[in-house]
Amino acid sequence: MEPGNYTVVTEFILLGLTDDITVSVILFVMFLIVYSVTLMGNLNIIVLIRTSPQLHTPMYLFLSHLAFLDIGYSSSVTPIMLRGFLRKGTFIPVAGCVAQLCIVVAFGTSESFLLASMAYDRYVAICSPLLYSTQMSSTVCILLVGTSYLGGWVNAWIFTGCSLNLSFCGPNKINHFFCDYSPLLKLSCSHDFSFEVIPAISSGSIIVVTVFIIALSYVYILVSILKMRSTEGRQKAFSTCTSHLTAVTLFFGTITFIYVMPQSSYSTDQNKVVSVFYTVVIPMLNPLIYSFRNKEVKEAMKKLIAKTHWWS
């Protein structure tokens, strides 16, 4: 492209989910409620785990960090999406767009590593219960949590580095409700295929590794459960894994669709729907999944409510 034949883009316009005013109002109210439930649910999980001695175990340490990541994940996307419902087109500078992408990828990738760590925790608890206190010591737990965050930011910097090297010299309207990498790539006038391949390889590798760890952990867990003679023991083991398996299926099913499958295999509208699910809906569902199906969490909640009521 000849110099001077294009205008350098300095800001983008997020088109959002819909142009219809009535639909926008309905979606604004709906997602405001979803975001409020997300914040309250995840904050409640964090406070509950921090204030309940019976929940001071590795599993609930991971769960508290999962709640923190869900708050960050949702908060990096939902507020700007809500603003988009109130005004036609949301303006965002290029630097702000790249920053949002970086934060979204960091929180999302950290969550995948954390879910793998939680699967390993369940494997040790069920398959080697006598060694649990040594194999899941505080040092090991801190290392697993720290590695999850580190892995998230490394992947985020890969996406950030590629996006900073993209050139934007034409349309600046992003047909999305946040700055995701795929819509940015479609607007770019750069023709370097590596900018599409490198993030896909990075995300794909992380998904393969984390899913492999989760799958291998649950294969061993299943074998151990089938060897149990006690029906009550089997039910208890299954119940501790059901919530995590549900969260894993929802999370990895959606991010695989977006970050691994070729862009030509899905439309922009499909991208939007799936993106809403994994950035807005799943962070709301996780605390509900872990609360309703977990006796220890429900008991800790009852004690906290009773204590609060007594002090009042």
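Glycine is no exception: its Cβ is also placed from the backbone N, Cα and C atoms.
Straight from Swiss-Prot, the features:
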| type | residues | note |
| --- | --- | --- |
| TOPO_DOM | 1-25 | topological domain 'Extracellular' |
| CARBOHYD | ASN5 | N-linked glycosylation site |
| TRANSMEM | 26-46 | transmembrane segment |
| TOPO_DOM | 47-54 | topological domain 'Cytoplasmic' |
| TRANSMEM | 55-75 | transmembrane segment |
| TOPO_DOM | 76-99 | topological domain 'Extracellular' |
| DISULFID | CYS97-CYS189 | disulfide bond |
| TRANSMEM | 100-120 | transmembrane segment |
| TOPO_DOM | 121-133 | topological domain 'Cytoplasmic' |
| TRANSMEM | 134-154 | transmembrane segment |
| TOPO_DOM | 155-196 | topological domain 'Extracellular' |
| CARBOHYD | ASN165 | N-linked glycosylation site |
| TRANSMEM | 197-217 | transmembrane segment |
| TOPO_DOM | 218-237 | topological domain 'Cytoplasmic' |
| TRANSMEM | 238-258 | transmembrane segment |
| TOPO_DOM | 259-271 | topological domain 'Extracellular' |
| TRANSMEM | 272-292 | transmembrane segment |
| TOPO_DOM | 293-312 | topological domain 'Cytoplasmic' |
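In the three-state DSSP scheme, CYS189 (disulfide bond) is classed as coil.
Looking only at other Cβ atoms within 10 Å, the busiest spot among the disulfide-bonded residues CYS97, CYS189 turns out to be CYS97.
Counting Cβ pairs closer than 8 Å to the transmembrane segment (197-217), the top stretch among 26-46, 100-120, 134-154, 238-258 is 100-120. Around the Cβ of ASN165 (N-linked glycosylation site), the same chain contributes SER190, ASP192, PHE195, each under 8 angstroms and 6 or more positions distant in sequence. Long-range contacts of the topological domain 'Cytoplasmic' (121-133) within the same chain: residues 58-59, 62, 217-218, 220-221, 224-225, 237, 240-241, 244, each at least 6 residues beyond the stretch ends and with a Cβ under 8 Å from a Cβ of the stretch. Ranked by number of Cβ pairs under 8 Å to the transmembrane segment (26-46), the listed stretches 55-75, 134-154, 238-258, 272-292 are led by 272-292. In the predicted model, the topological domain 'Extracellular' (76-99) has a mean pLDDT of 91. Each residue of the topological domain 'Extracellular' (76-99) gets a DSSP state, and the totals for helix, strand and coil are 15 helix, 4 strand, 5 coil. Counting same-chain residues at least six beyond the ends of the topological domain 'Cytoplasmic' (47-54), those with a Cβ under 8 angstroms from any Cβ of the stretch are 60-61, 63-64, 296-297, 299-301, 303-304. Across the topological domain 'Cytoplasmic' (121-133), the DSSP tally of helix, strand and coil residues reads 12 helix, 0 strand, 1 coil.
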